[in-house]
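Going by TrEMBL, these are the annotated features:
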type	residues	note
SIGNAL	1-19	signal peptide
DOMAIN	17-229	domain 'GH16'
ACT_SITE	E113	active site, nucleophile
ACT_SITE	E117	active site, proton donor
Amino acid sequence: MAPVFCLLLAFFMIASGNAQGPPSPGYSPSSRISSVTFNQGFRNLWGPQHQRVDQGSLTIWLDKTSGSGFKSLEPYQSGYFGAAMKLQPGYTAGVITSLYLSNNEDHPGNHDEIDIEFLGTTPDKPYTLQTNVYIRGTGDGNLIGREMKFHLWFDPTKDYHNYAILWTPSEIIFLVDDVPIRRYTRKSDATFPTRPMWVYGSVWDASSWATENGRYKADYSYQPFVGRYTNFKISGCTANSPASCRRPSASPSGSGSLSRQQVSAMNWVQRNYLVYDYCHDPKRDHTQTPEC
């Protein structure tokens, strides 16, 4: 089946509500974590005039004057970090709506980062959810990204869905509605983020690369570009927590590793909705990504 036809078929299934969802992972890590309001866990970082908090939920937006971003009140050395998000429909090319971990303010030019980024799109194509990991400066200067990109089995503009990052000393799990979509394991200290990070979110103009490698730019005749966040969940070991701090787990066993049922659900997502994997990109220099 031609790639273009596959893409159009997937978009039609999502738009018409006929997309099949993944098999049940059998466990919901988010169910063990209480929600917090925006002000209990976060503060505005930039673009305060483009941010509105209402009953613990957050709306941020981008127009031709500014975007907006927020930051957690504390840095963390591990934990579960999530929010329910609802994206803007229509033309959003060039616009990034994100939830991520980073220490770029603490280590400028040599930072770590774990990303969930929604890459804006044109009305005829679905959103792309990009997951990424940067380690000790690979997101600075000479970029060495570890991107895996997905389409979704639902339309993320129709309703709120839960997106989360679970970061432990041994692995990073990316989750959508409690379904694991990616597991990034610690194979060496050189390929895994170990320094404390803050939790961030933002909506901003990334026209130079966000949509089809910059082919489509942000068009401010469609402004404002709105990102909505609610049901914030943030639980883990802060940078100052003792070594005895108990970290959230992705699995029912509490051991940290995914159950067989969770792995089955993740494999289903990757078979059906994975659209890019850096490890399988022949244009990449894989000596820079030895974990592949």
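Cβ from N, Cα, C; glycine included.
Across the domain 'GH16' (17-229), the prediction's mean pLDDT works out to 95. Non-local contacts of the residue listed as 'active site, nucleophile' by the CB criterion (under 8 A, 6+ apart in sequence, same chain) comprise Y100, L101, S102, N103, N104, N132, V133, Y134, G139, P193, M197.
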